[in-house]
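Encoded as C-alpha cells, the structure appears first; notes follow it.
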C-alpha cells in the first residue's frame, strides 16, 4: 500500500512526463520540418550552382567541339558486336586480318581527335591475325576453347600487356613496360583474342581520364566533355567504333562511368569473381571491391566476355547463361539518394528514370509492378565508399611514387601552385583526402554498410533488381568534376556493397550526349542485370553511334 509521499511523487512524475511529451514532440516535429526545409533549400542552391558551372564552362568547351568521322564502307563491320565478328571469322565470312586492319585504320582516323591510345602493337597484331587465318583455313582451329579467335581487343593501360607501356598515368613510370600479361589479358589471349593497343587512364584510376604523361582523352559525342574514368580511353575508342572488345576494371565506377558518358553497355561483376593480378600492380591475392569487366556497344557481348575472365569457382556459380523473362523479375527503383555531397538529378536524368520505370510497368507482371526503394544509408554513398577504399591493400601515396616513396598532399599542392608538381590536381586532391581529412568512423561505416547490404538482399531476393541513377547528369564538360567531386558516388556505392551492376544506355539528351541508368542485383545474380539490360536495349534501341548524331563536315 503506497504512502501519501509516494502518491505525491507519482503524480509529479506523471506531470513531468506530460510536460516533457508536450515540449519534445513539437520540438521534434519542428526540427524535422526545419531539416527538410534546409535540405530542399540546399538542393535548390546546388541545382542553380550546377547550372551556373555548366554555363560558364560551355562558353569555352562548346567552341572546342569536334565531330567524329563516320564509318567508311570498308569499316562497316566495326559497328557489329564482338560475338558476331567472332562468328563471321569462324564461318570464313571475314578474316582476322581484315578485321584487325579495319580497327587499325579506324583508330588512326579517330585517335587524333580523342587522344585515347597510349601504345600500340599494330604490326604484331597483323602478324598474329594472319596466323589465325592460316589455322582457320587449315581447319585446325578449336573454337570451343577459343570463342573469340581472331577478334582484336584493347585494354586500359593499367592492365599489363606484355611489352607495352604500363605507366598507370604516372610521370615516374612514363617509360615502364609490362614484363608479362595481367591475368585478364592472359585469359583473353587464351580465348583467341588479339591485343591491339592500350588506352589512356587517369593517375592511378580517378574519375576523369587525364594525366601528366599522355594528357586528356575526349568524349566522341562531344570532345569538350569528359569520358570519365578510369576506363576512359576504352570507352572513347569503343563509342567511336574503333575497338570490338574493351577490357576494363571497376573499383568506384571505373567501367560503368565511362560507359554511361559514352552511351555504352557495361557490366561490373560481383567483387571477388575475377582476378586483379597484373592490374594496377596488384598481385591478385588482395581482398578488394574491384572487379574486371567490359564495356560494349552491344549488350550481347557482356556475358560471353565476362565469362572469360571469371575465376574457375565463379564461372560455375554465376550462371551467366541463365534466361530470365522480364515478367518474372521484380523491379525496384530509386530516383534520389539524398546524399547532400552529390548533385541532384537534372531534368534529363529524371525523365530517363521515369521513362524506363513507365516502360517496365507496362512490360512486367501486374502482380509485382515496379516499386520505389529508399534507405537512409544512401545519404552517405560517398562516405561508405571512402571507408571501403580505406580497406584496400593499395597505398595511393606510395603508388604515385612508383613504390619509391610516399607523396605528400600538402607539399604537392604547394608545388602545383608554383608549377613544378609531377601530378594532376585530381591526384593531389585525392592525397589531401587521405592525409588531411579525418578517417571515417569504422564502426559506424561497417554497421551502416551492413544494414544497407542486408536490406537490399532482403528486398531484391533471388529475382529482383534495382534501377538506380548512373549520375546526376550526362557527361559534364572537362574539369567541371573538380567542382562536383562526389558525383561518382552513384556508381561507387555498389562497389562498397560488392553488388554486381550493369550500365544501360537509354537514348541521348537535346545536346546529343548519352543518358542511361544502372541495373543492380544481389551478388552472383549478374544474369538478372543482363536480362533487364537486354530488354531495355530492345525497348529503347541501345547504343547510338556519335557519328550518326554529329556527322563530320
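Heads up, the Cβ atoms here are built off N, Cα and C, so glycines get one too.
Taken from TrEMBL, the feature active site, charge relay system applies to 156 (among others). A C-beta separation below 8 Å, combined with a sequence spacing of at least six in one chain, links residue 156 (active site, charge relay system) to 198, 199, 201, 230, 231, 233, 234, 247, 248, 249.
Annotated active site, charge relay system per TrEMBL: 230 (among others), in sequence order.
What TrEMBL records for 254 is active site, acyl-ester intermediate. When Cβ atoms from all protein chains are considered, those within 10 Å of residue 254 (active site, acyl-ester intermediate) total 33, not counting its own.
According to TrEMBL, the substrate binding site annotation covers 204, 230, 251, 252, 253, 254. Around residue 253 (substrate binding site), taking its Cβ as the centre, 32 other Cβ atoms fall within 10 Å, counting all chains.
Here TrEMBL flags 98-530 as domain 'Amidase'.
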Euclidean distance between Cα atoms of residue 254 (active site, acyl-ester intermediate) and residue 204 (substrate binding site), Å: 11
